[in-house]
Each structure stands twice: as structure tokens, then as C-alpha cells.
Amino acid sequence: MSAASLYPVRPEVAATTLTDEATYKAMYQQSVVNPDGFWREQAQRLDWIKPFSVVKQTSFDDHRVDIKWFADGTLNVAYNCLDRHLEERGDSIAIIWEGDDPSEHREITYRELHAEVCKFANALRGQDVHRGDVVTIYMPMIPEAVVAMLACARIGAIHSVVFGGFSPEALAGRIIDCSSKVVITADEGLRGGKKTALKANVDRALTNPETSSVQKVIVCKRTGGEIEWNRHRDIWYHSLLEVASSTCAPKEMGAEESLFILYTSGSTGKPKGVLHTTAGYLLYAALTHERVFDYRPGEVYWCTADVGWVTGHSYIVYGPLANGATTLLFEGVPNYPDITRVSKIIDKHKVNILYTAPTAIRAMMAEGTKSVEGADGSSLRLLGSVGEPINPEAWAWYYNTVGKQNCPIVDTWWQTETGGILISPLPGATALKPGSATRPFFGVIPALVDNLGNLIEGAAEGNLVILDSWPGQSRSLYGDHDRFVDTYFKTFRGMYFTGDGARRDEDGYFWITGRVDDVLNVSGHRMGTAEIESAMVAHPKVAEAAVVGVPHDLKGQGIYVYVTLNGGEEPSDALRTELRNWVRKEIGPIASPDFIQWAPGLPKTRSGKIMRRILRKIATAEYDALGDISTLADPGVVQHLIDTHKTMNAA
């Protein structure tokens with residue numbers, strides 16, 4: 001597919017949208033010319049206890065990086081997500097929970113959610129949890145995880161959600177870094193028909209002597225599986241709720257007080273605890289949720305992420321609930337019990353908006369039309385993509401097969417550190433180009449710079465930076481502001497460096513080319529791995545591809561590609577040659593792969609991110625330097641790749 005393919009805004013979408021093109025242009029212009037005025041007006045969507053007088057106090061100067069929004073105002077996040085909705089929509093559904101087993105589901109109204117949050121907030125207070133204390137949440141995708149987050153917000157405790165797929169060692173590192181006082185977990189998790197020993201993992205994590213800050217472990221009963229019990233430390237969630245009052249006054253919190261810490265995955269060394277604060281984060285999550293997804297009251301909105309990632313925080317919990325939306329919480333995986341699961345959930349719950357990851361889209365696409373067999377899908381109005389750049393072929397399949405050419409796709413780009421979406425189409429305002437995140441959201445000023453930090457104008461490729469602050473921006477790394485400054489503001493002074501490369505086309509649309517550390521330098525030519533991967537996946541026999549650089553005597557770096565074929569396709573030397581020629585045709589001879597390794601699967605985190613670090617190590621035969629692979633969705637993939645690599649080398 002040509003990158004120039006353009007999908008204009010559909011007239012029926014433009015006629016009913018919250019934000020048409022003229023509105024977008026006017027609002028964006030105001031947001032960058034007069035950010036104080038723009039955000040002062042937008043902040044009225046929140047309920048304040050003490051109104052703010054000052055809007056924006058921010059500096060990107062690397063000698064004094066300081067980010068404050070609405071600093072003298074006070075409010076409570078849980079109040080904004082629950083209490084203020086009770087009068088008008090107390091009996092409306094807040095959360096639809098779909099269990100791992102298709103026979104399990106629950107609907108929870110705003111009134112019911114409010115009562116449970118108040119009870120659990122009181123229970124936490126009863127366990128000596130107070131404003132500023134850190135609570136670690138290590139739970140499956142069940143409503144109690146959302147309750148725990150909101151209960152912390154209600155009493156001013158800081159939550160640190162750790163994804164349930166992380167190992168005991170990774171969990172311990174995150175507990176130690178923030179001196180967590182309480183850990184909330186479940187007996188076991190359920191995912192894809194398999195049980196995860198969450199409580200046992202917590203027990204193992206807490207054998208580390210440096211986790212001594214933890215005083216209590218609160219355990220939610222999910223499976224009823226047998227677990228070890230420490231009667232001095234462990235408490236059942238349900239027993240706390242049985243005796244707790246459902247009345248709990250929300251704590252008045254300063255706009256810049258900490259709301260949560262979220263540790264970024266995949267980084268080496270000490271975990272990086274991204275810190276988000278109260279008012280700016282909530283405002284930005286709510287506004288982006290409303291405008292990017294063009295959300296209307298009463299619609300069913302489904303983000304398939306896990307609450308252990310920032311997408312789950314902003315677009316399952318805080319954004320939707322602040323807007324009084326109905327948010328769907330899914331415990332399982334897209335291919336269990338079979339590949340039709342996503343389609344069946346859409347029809348079962350009459351989902352209007354689906355926000356998922358390219359990994360899930362490609363998994364469905366690899367099965368052809370099987371994933372939508374027998375599906376109606378007529379409730380869908382809008383599709384979204386998040387987590388990595390989506391290649392044009394997967395975009396087109398998503399648009400044609402899942403959306404039946406009726407649903408715009410919002411291809412969103414953002415990061416844990418940004419708090420919310422920074423670059424994305426708005427359904428009623430933006431003509432779509434498959435593979436492009438298109439244009440910046442209100443208040444966001446993206447730019448491209450060369451490696452010396454010089455701004456690049458017009459159609460070009462470079463390092464993606466943001467020139468000024470926005471309310472959802474992370475304020476620091478927990479307990480390590482110097483590292484925050486060094487990581488994001490030292491590379492290009494006076495700018496926030498995203499770590500991503502991007503291309504801007506002649507229409508001003510942005511195309512994310514991948515992490516800058518995923519840029520190859522082949523014979524002096526810079527190439528994003530995403531570009532080569534997109535070309536490879538465009539081949540009709542290829543389901544997925546991952547590209548890494550390897551040392552090359554002549555070129556400096558060679559191109560090493562791991563290829564997963566579609567179901568029913570067989571690997572062969574002839575196909576290898578065909579794929580090399582295909583990439584030469586799609587991009588040019590410079591992008592021709594030096595090595596192609598067949599892969600039954602790729603090493604991915606549970607959120608679907610490919611762990612390229614592991615692929616690089618395998619490609620260079622550094623089998624003993626892979627690091628911790630326990631966080632992978634399927635650690636067994638790694639040994640298969642190593643064995644195949646050894647066989648290739650021996651041949």
C-alpha cells in the first residue's frame with residue numbers, strides 16, 4: 001500500500017463530531033498561542049475544591065527543569081471520577097468486566113463502584129495508609145484493581161501498579177524503589193486459561209530483606225487456589241470490606257501532589273519510576289479521551305490494555321471515569337478460547353469504540369477472516385491503535401475487516417512519561433493516512449531536530465522532541481529528579497526528547513519511525529527498523545517481523561530480520577530470497593536483509609512490545625547475556641530462537 005493513501009473524514013462523522021477540522025484548527029492555535037487561557041478554560045471540566053489562580057509554571061531548562069500546572073488549586077481525583085456523577089448517572093454502568101472465561105462477566109454502576117471504593121479507602125486507612133504513603137498494586141484485570149487505584153486516590157495515597165506478568169524479582173525492585181507500605185494482590189490471576197501465582201510471587205518478592213517497608217499484604221480471592229498465609233501480615237480483601245463503612249470523605253489534594261508512580265518496563269538497571277501528579281494528569285487524560293475517541297455519553301468504550309501499563313491508567317480508568325463513560329475491563333487475551341474472542345466481546349457488550357495494539361491486530365490478521373467469522377460488529381463506530389507504530393497493511397486490514405470500512409482509526413502516539421495521547425488523528429477533523437499518527441493534540445508542540453539539536457523545518461526526518469509542556473506530562477522520576485533531567489532534557493537542551501525518531505511529510509503529518517536506539521546505520525544510511533518491518537509485513541506470507549542491527553564488516557551494521565509466517569505457510573530458502581527481493585523492491589537495495597531467521601513467535605512483554613534487546617543478543621550469539629526473561633508473555637520462544645540461530649550458524 002502506498003503511504004500516500006488518504007482516507008478523508010467521512011461526511012456522517014464530520015456532521016456529528018465533537019471536533020471538526022475548523023474547530024481543531026482554532027482550538028489548537030489557541031492552545032499553543034495562549035496556553036494559559038486555553039487550559040484555564042479546559043480545566044473547568046474538573047470539579048475543584050479550591051480553584052487555581054495560576055495555570056502554567058514550567059521550565060525545560062536542563063539546569064532547572066520544573067513542571068507545575070494549576071499549582072495552587074486543590075481537588076480529589078476519585079471525587080472527579082465517581083462522586084460528581086452520582087446524581088445524574090449513578091445507575092449508569094461504569095465498568096463492564098469480561099472475565100478470562102467467556103461465561104464470566106459483571107456490570108458495575110457508578111453508585112456501586114463509589115460504595116466499594118469508599119469501603120476500601122476506609123479499609124486502607126484502617127491499615128495505617130495515609131496521604132503520601134505508597135501502595136503497590138499487583139493484580140489481575142479484575143474490578144478490584146480499579147477499586148484499589150481509586151481508593152488510593154481518594155485518601156491521597158500514591159499507587160504503584162505493577163503488571164501481573166512481572167517476576168518476583170522485578171516486583172521486589174519496584175517495591176524497594178518506592179518504599180511501599182502495603183501490597184494489594186490476588187491469590188491467583190487468570191489469563192488465557194492459565195493461572196498466574198500472584199500471591200506466591202509477592203511472597204517470594206518479600207523474602208528480599210530490602211522490602212521491609214511492606215507492613216501488610218491485602219489479598220483478593222480470584223480463583224480460590226491454595227496459597228501460603230502469613231497471619232501477621234496477610235489480610236483478605238473481602239474481610240476488610242465486610243466491616244468497612246461505605247462513607248469516606250475524599251481527601252483535599254494539591255494539584256501537584258503525587259497521584260501515582262508507574263515503572264517503565266524493559267529498561268536496564270534500576271527501575272525508572274515515572275511520577276504523575278493530580279490535576280494536570282486527570283485533566284489531560286479526560287480531555288484526550290473525550291476528543292480523540294469522540295466519546296458520547298452512554299457509549300461502551302473498550303481499551304484492551306492492562307492497568308499495569310499507562311494505557312490502562314489513562315484510558316481504562318482515569319480518562320473514561322472522569323468523563324462518566326462506560327469502560328470495559330477485560331481479564332483475558334484476544335485469542336482465548338479462540339481468535340474470535342475480540343469480535344464476540346464486541347457483539348456481546350455492543351462495544352462502540354475499540355482501542356487495541358498492533359500486536360493484537362496482527363495476531364487476528366494472521367488468521368485471515370477467521371477472527372471475525374460470524375460476527376456482526378455493527379455497534380462499532382471508532383477504532384484505535386496504541387503501543388507502537390502500526391504498519392499500513394495491518395491498518396488497512398483493521399479498517400476493512402474489523403471496521404468494515406465504516407470506522408475511522410485513531411493511530412495514537414504517546415508514552416508513559418506523557419500521561420496521555422500527544423499525536424493522533426481526531427475522527428471528525430483529520431484525513432487519515434495508514435501508518436501515520438498525523439497531527440498533535442491541543443497544547444502539544446512537536447518538532448524534529450538533527451543530532452546536534454538544530455530544528456529541521458518542512459518535510460524531513462529526525463529526532464522527535466516536544467518544545468513546551470502540557471498538563472499530563474510526568475513531573476519527575478520518583479526519588480531521582482537528576483535522572484529525569486538527564487534522560488529527557490539533556491540530549492537536546494530546552495526540549496523534551498521523546499527517544500523516538502519521526503518523519504514529517506509535506507502535509508505536516510508525523511510518522512513515528514521507532515526508537516532512536518532502533519535506528520540502523522547501514523553504510524552511512526539511517527533507517528528506522530519500523531520501516532523495514534512494515535515492508536516485510538506487507539508480504540502476503542508474513543504475519544510479523546522484527547528487525548535488529550548486527551555488526552557487519554563492510555556496512556558497519558547489517559540487517560537481521562526475524563520473520564513469523566502466516567498460518568499454513570512453510571519456510572524455505574526460496575522464500576528467504578523472495579523476501580529479500582521484496583524488501584529491495586519496497587524500500588531499496590540498501591534495506592535488503594543480510595540475515596533472515598524464521599521465528600514461530602517473537603519475545604514480547606505482556607503488553608505486546610517486542611523485546612529487541614533479546615533479539616539483538618541472540619543475533620550476535622550472546623546467549624548468556626539475555627537478562628531477565630521472566631517478564632515475557634512466552635519465555636519459551638527465546639530458547640527456540642536460540643536453537644534456530646545455532647543451527648543457522650552451524651550450517
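Cβ coordinates come from backbone N, Cα and C, glycine included.
Here Swiss-Prot flags Arg191, Gly192, Gly193, Lys194, Thr311, Asn335, Ser523, Arg584 as CoA binding site, drawing on sequence analysis. Taken from Swiss-Prot, the feature ATP binding site applies to Gly387, Glu388, Pro389, Asp411, Thr412, Trp413, Trp414, Gln415, Thr416, Asp500, Arg515, Arg526, supported by sequence analysis. Positions annotated as Mg(2+) binding site by Swiss-Prot: Val537, His539, Val542. Marked as N6-acetyllysine by Swiss-Prot: Lys609.
Of Arg515, Val537, His539, all annotated as binding-site residues, the residue with the shortest Cα distance to Lys609 (N6-acetyllysine) is Arg515. Each of the binding-site residues Gly192, Gly193, Gly387, Pro389 was ranked by the number of other C-beta atoms within 10 Å, and first place falls to Pro389.
Of the chain residues outside the Mg(2+) site list Val537, His539, Val542, Glu393, Ala535, Met536, Ala538, Pro540, Lys541, Ala543, Glu544, Ala545, Val563, Leu579, Trp582 have their Cβ within 8 Å of the site's Cβ mean position. Within the same chain, residues at least six positions away from Arg584 (CoA binding site) with a Cβ under 8 Å of its Cβ are Ala591, Ser592. Counting neighbouring Cβ atoms within 10 Å of each of the binding-site residues (Thr311, Asn335), the lowest count belongs to Asn335. Cβ neighbour count for Thr416 (ATP binding site) (all protein chains, 10 Å cutoff from its Cβ): 18. Within 10 Å (C-alpha to C-alpha) of Thr416 (ATP binding site) lies none of the binding-site residues Arg191, Lys194, His539, Val542. Around Thr412 (ATP binding site), taking its Cβ as the centre, 25 other Cβ atoms fall within 10 Å, counting all chains. The local packing around Lys609 (N6-acetyllysine), expressed as other Cβ atoms within 10 Å of its Cβ over all shown chains, amounts to 17.
In the three-state DSSP scheme, Arg584 (CoA binding site) falls into the helix class. Classification of Val542 (Mg(2+) binding site) by DSSP places it within a strand. Neighbour counts were taken as the number of other C-beta atoms within 10 angstroms of each residue's C-beta; across the binding-site residues Arg191, Lys194, Arg515, the minimum falls on Lys194. Thr412 (ATP binding site) has Val537 as its nearest neighbour among the binding-site residues Gly192, Gly193, Lys194, Val537, His539, going by CA to CA distance. In this view, His539 (Mg(2+) binding site) is surrounded by 19 other Cβ atoms within 10 Å of its Cβ, with every protein chain counted. Cα-Cα distance from Trp414 (ATP binding site) to Arg191 (CoA binding site): 26 Å (rounded to the nearest whole number).
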